[in-house]
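Engineer: Following this message is one structure expressed as structure tokens.
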Amino acid sequence: MMAQNSRLFEMDSPYADAKVDKDSIGSSFDSSQTSTSSSSSSVKRRRDGDEEDDDHSPSKKLVTEDSLHSQKVATHYNKIKECGLAERNKSRIVYMRNFNNWLKSVLIAEILDKVRQKRREVTVLDLGCGKGGDLLKWKKGRIDKLVCADIAAVSIEQCQQRYNDVRRRGHPNDRTFSAEFITADCSRELLSEKLQDPELQFDVCSCQFVYHYSFESESQADTMLRNACERLRPGGFFIGTTPDAYELVKRLEESDSNSFGNEVFSVTFQKKGEYPLFGCQYDFSLEGVVNVPEFLVYFPLFVEMAKKYNMRLVYKKTFKEFFEEKVKDGKNKDLMQWMQALEQYPPDERGQLSSSGPGEYDHAKRKAADPAVRRPLGTLSKSEWEATSIYLVYVFEKMS
């Protein structure tokens, strides 16, 4: 664990201070695929013959190229083996994972505090819950009910097992929230048809590192939004994290090829210069952890689509901006140190750095050379920062 007074996270990556010409990048997206109505602020369906077919029931689903991709995603995550804490700590990207986990912890805690100002009982939908990596966050947030939904059946089974373990390890007087587990492709199936209580309403929907998969098509993106938002109470929140399309396109355009990355991650597009609003596919890999196709989320379109479900964007920050804002709060800074979300530099005598690659810690080395700076520092390697800084945080609120 890092020293209590360590200086936190000095960044010196080529992307940390780069200016993004968002107007020029936005104009690169192909708007011919869709139009928005000024009267309804909703996105009309134009693709795959969906103009007149609003029936999302399983009986209406066809086996298409899109659905085959969803099956690939489910199969991929079903094959990922569960590993213990000791094994995860050997990962090259352990500090980046911890950093992302800290960021989610801060986001979830702040939103639950807002909700609890209005309601004593809190119900949450974890949309794309995976293996249940946020279960302890919900327990710490003292919620009352959690619904977990994911496309991968094996992930849902592991999530349920984790939940049972949390309950079993808890103190007899320590009440744990009730939970419901649903296996579903949330970009194609309506959760309201699968809930034990079809009238259940949520105070929060959390969608972490998931929503971009739904931007394969307009109908999928819309169904995912519907699942996230239609059962939210007025004043409820839809929160999440997703890749920043502006940042991805900027780095791609700066690259000499159709790909970019470093020793921990890579992103590969089929070509440059054309970025359709839906189905803009790229291949993403992260230290062997994830290697499935993903899709750009053009955020202005995301915001416009959300209006259909009476949602208003109230917060949007890149991970860099979120960190710089939230670490100013002492309790968040303490949490970051407790979660070991930054790597100690220089390491102690028995430790070693996560990477021996050239230039990975030059930014920390320069900072540590300043006599006015207290050592040790807390940092991420250059490669980890470049990987995590492609993401952003968003919060939508349900209007009355």
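Using the three backbone atoms N, Cα and C, a Cβ is placed for every residue, glycine included.
Annotated region 'Disordered' per Swiss-Prot: 20-68, 347-370, in sequence order. What Swiss-Prot lists as compositional bias 'Basic and acidic residues' is 56-68, 360-370. The annotation domain 'mRNA cap 0 methyltransferase' is assigned in Swiss-Prot to 91-399. Among the features that Swiss-Prot reports, mRNA binding site is placed at N100, N101. Per Swiss-Prot, S-adenosyl-L-methionine binding site is recorded for K104, G128, D150, D185, Q208, Y213. Here Swiss-Prot flags K131, K137, R162, H212, E294, Y391 as site 'mRNA cap binding'.
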Engineer: Name the secondary structure element type, per DSSP in three states, that contains N100 (mRNA binding site).
Structural biologist: helix
Engineer: As a test of the contact definition, list every same-chain residue at least 6 positions from K104 (S-adenosyl-L-methionine binding site) whose Cβ is closer than 8 Å to its Cβ.
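Structural biologist: Correct list: D134, K137, Q208, T241.
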Engineer: Determine the Cβ neighbour count for Y391 (site 'mRNA cap binding'): the number of other Cβ atoms within 10 Å of its Cβ.
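Structural biologist: Result for Y391 (site 'mRNA cap binding'): 20 other Cβ atoms within 10 Å.
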Engineer: For a quick check of packing: other C-beta atoms within 10 Å of the C-beta of D185 (S-adenosyl-L-methionine binding site), how many?
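Structural biologist: For D185 (S-adenosyl-L-methionine binding site), the 10 Å Cβ neighbour count is 22.
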Engineer: According to DSSP, which of helix, strand or coil covers H212 (site 'mRNA cap binding')?
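Structural biologist: SS state of H212 (site 'mRNA cap binding') = helix.
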Engineer: Give me the CA-CA distance between G128 (S-adenosyl-L-methionine binding site) and H212 (site 'mRNA cap binding'), in Å, as a whole number.
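Structural biologist: G128 (S-adenosyl-L-methionine binding site) to H212 (site 'mRNA cap binding'), Cα-Cα distance: 11 Å.
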Engineer: Just checking the recorded positions K131, D150, R162, D185, H212, Y213: which sit within 10 A of E294 (site 'mRNA cap binding'), CA to CA?
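Structural biologist: H212, Y213, listed in sequence order.
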Engineer: Measure from the Cβ of N101 (mRNA binding site) and count the other Cβ atoms within 10 Å, all protein chains considered.
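Structural biologist: I get 18 for this one.
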Engineer: Let me make sure I understand the span of the S-adenosyl-L-methionine site: among K104, G128, D150, D185, Q208, Y213, what is the greatest distance between any two Cα atoms, in Å?
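Structural biologist: It comes out at 23 Å between the most distant Cα atoms.
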Engineer: Based on Cβ atoms within 10 Å, give me the single least packed residue among the recorded sites K131, K137, R162, H212.
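Structural biologist: Candidates: the recorded sites K131, K137, R162, H212. Fewest Cβ atoms within 10 Å: R162.
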Engineer: Within a 10 Å radius around the Cβ, which one of these binding-site residues has the most neighbouring Cβ atoms: N100, Q208?
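Structural biologist: Buried the deepest by this measure is Q208.
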Engineer: How many neighbouring Cβ atoms, not counting its own, are there within 10 Å of the Cβ of Y213 (S-adenosyl-L-methionine binding site)?
Structural biologist: 24
Engineer: I need the most crowded of these recorded positions: D150, E294. Count other C-beta atoms within 10 angstroms of each C-beta and give me the top one.
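Structural biologist: Within the set of recorded positions, the most crowded position is D150.
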Engineer: Among the recorded positions N100, K131, D185, Y391, which ones place their C-alpha within 10 angstroms of the C-alpha of R162 (site 'mRNA cap binding')?
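Structural biologist: Matched recorded positions: K131, sequence order.
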Engineer: Tell me the Cα distance separating Y391 (site 'mRNA cap binding') from N101 (mRNA binding site), rounded to the nearest angstrom.
Structural biologist: 13
